[in-house]
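What follows is a short report on a single structure.
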Amino acid sequence: MNKEVGVINPTLPDYDDSFGEKPTHPDPNSHPSEVLSKKVFERYINKIAISGFGFTLQCGWEGVALTFQFAWLNGGPAAIVYGAVIAGIGSTLVAIALGEMASIDPTVGAQYRWSARFASRAPAFWGYMQGWITVIAWVCNCVAAMSVITNALSGLIIFNNPTYEPKGWHATLFLIALLIITVLLNFALRHVINRLEVIGGIYHIALFIAIITTLTRLAKRSTPEFVFKTLHADSGWDNPGIAFSIGMLSTAYPISSFDGVLHMIDETKEPRKQVPRAMFFATSSNALMQFAFCICLMFCIGDEEAVSKSILPIAEVFYSATGSKATSTAMVLMIAVMAQISNINVFASVSRLVWAFACDKGIPFHQYFTYASLNFFSNIHPTLQVPLPALVLVGTVCCLLSLINLGSATAFNALIALPTIALYISYIVPISLLTLRQLAGRHPRYGPWELGRWSIPIKICSLVYLIYVTIFVPFPTSRPVTSLTMNYAAPIFIGAFLIALGDWFMRGRKNFDIPTVALDQEVGN
């Protein structure tokens with residue numbers, strides 16, 4: 001066993017399938033989803049494109065730019081700067097741990113497949129519950145990612161026209177329009193993805209340089225004491241540790257979607273090598289850029305009062321530096337364009353995850369949607385090379401969820417707060433299960449991305465970070481807590497978990513069809 005982090009193990013070939021020799025033709029006795037992937041999916045995503053896919057999907061510094069107002073009252077500059085350090089290190093460790101599992105078992109189902117394969121008991125139960133958690137998290141994440149852009153658009157309108165009064169249906173229309181555009185663009189993803197990810201990656205870096213340069217040259221400087229020693233606790237949380245922990249979530253969320261790359265595994269060349277590398281590159285590079293942007297942002301914050309009162313503080317930061325509302329608006333729109341490129345990748349990733357779960361008969365009412373004796377949502381368009389039914393299903397559900405904003409903005413905000421807690425739990429489960437197996441000396445057959453003696457320490461450190469973030473995600477952002485300021489993410493997650501549990505007993509335990517053959521292929525120490 002190699003003992004260096006991330007080295008390529010020359011003793012194992014880079015299999016394209018999960019566990020076993022690469023077949024010339026699909027085995028008719030293989031699991032349905034594995035047969036489908038070998039028959040239909042083409043491996044057309046090269047190593048540059050898959051790295052660019054994860055790089056632009058996370059979109060770290062742009063996410064902080066459009067959402068840092070949530071950290072301003074909780075923690076302030078200290079939470080943003082030091083939070084970026086904690087989130088960057090923690091996120092990279094998680095990406096490395098997941099990358100090792102992707103190299104062991106490159107599968108679109110990722111967390112739910114791994115939970116089943118690494119569980120010592122009741123593998124189907126663990127896989128099924130994890131599948132529900134992961135799918136719900138990612139579908140809600142689609143809505144959350146879109147809402148960031150719609151909030152920015154509403155903020156820009158107010159920034160340029162202070163008399164504008166935003167209504168719930170305005171944001172809903174913006175969101176549905178963006179959803180439709182994103183779904184339609186995904187139809188052609190097969191033909192443009194290699195070029196799109198290269199262009200998106202270049203734009204991601206070029207925009208970063210342009211924004212940093214503009215702020216450092218034009219903005220009034222803050223003092224180092226303000227940047228590194230100021231801790232705001234203006235939200236009602238008297239305990240500075242709690243205020244800091246809530247504030248740092250603004251730096252954790254933008255780089256939390258570590259598994260987005262995993263769902264593109266069946267379309268990636270040399271997935272055992274390239275997917276772990278792409279995850280590490282995407283997360284570590286976004287973490288570094290996010291940290292640099294946070295430092296720059298705090299040194300160039302400008303008018304603190306205007307920032308604290310604005311619905312879109314980044315526009316006020318740009319305005320303080322440039323003195324031009326037109327220039328500031330253009331800069332925010334350029335960031336929004338990058339966020340939309342990220343959303344294209346998010347929808348591509350989620351559609352593949354839903355496709356995989358449908359192949360395993362995890363989607364409710366799958367028996368009523370059949371085509372050629374197969375689940376309708378497990379079909380892939382032969383020309384577009386896109387899981388079209390799954391993609392349309394994700395878009396439709398997101399449109400329906402956006403309608404919640406018409407009735408209650410509080411309920412909608414609770415819904416979009418759900419992805420962070422659900423995604424982090426979806427990472428905790430498989431990492432914990434594999435770590436327990438390793439501690440017991442029941443090692444799987446490792447792939448090319450092998451962590452060696454660092455495997456268990458990295459997983460334990462990543463679990464500490466994940467648990468820390470998960471604890472503070474459900475905290476209300478301000479006190480006293482009212483029905484309008486309550487954070488409903490935890491109750492909604494518990495409700496979703498109970499629904500999944502009920503579906504397991506009513507349907508899943510009889511119908512869920514997940515392969516666990518990998519459990520029999522282990523090696524000792």
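Cβ atoms here come from the backbone N, Cα and C positions, even for glycine.
The feature region 'Disordered' is assigned by TrEMBL to 1-34. Per TrEMBL, the feature transmembrane segment maps to 48-73, 79-104, 125-149, 169-189, 201-219, 278-301, 386-406, 412-436, 456-476, 488-506.
Contact check: the transmembrane segment (278-301) against the transmembrane segment (125-149) gives fewer than three Cβ pairs closer than 8 Å, residues 6 or more apart, which falls short of the contact criterion. Sequence-distant residue pairs (6 or more apart) of the transmembrane segment (456-476) and the transmembrane segment (386-406) include fewer than 3 whose Cβ atoms are under 8 Å, leaving the two stretches without contact. With a cut-off of 8 Å on Cβ pairs spaced 6 or more residues apart, the transmembrane segment (48-73) and the transmembrane segment (386-406) reach fewer than 3 such pairs and are scored as not touching. Note on the transmembrane segment (386-406): residues 139-140, 142-143, 146, 168-169, 171-172, 175-176, 179-180, 182-183, 186-187, 189-190, 347, 350-352, 354-355, 358, 369, 376-380, 412, 415 of its chain, located 6 or more positions outside it, place their CB under 8 angstroms from a CB of the stretch. Between the transmembrane segment (125-149) and the stretches 79-104, 169-189, 201-219, 412-436, 488-506, it is 412-436 that has the most C-beta pairs under 8 angstroms.
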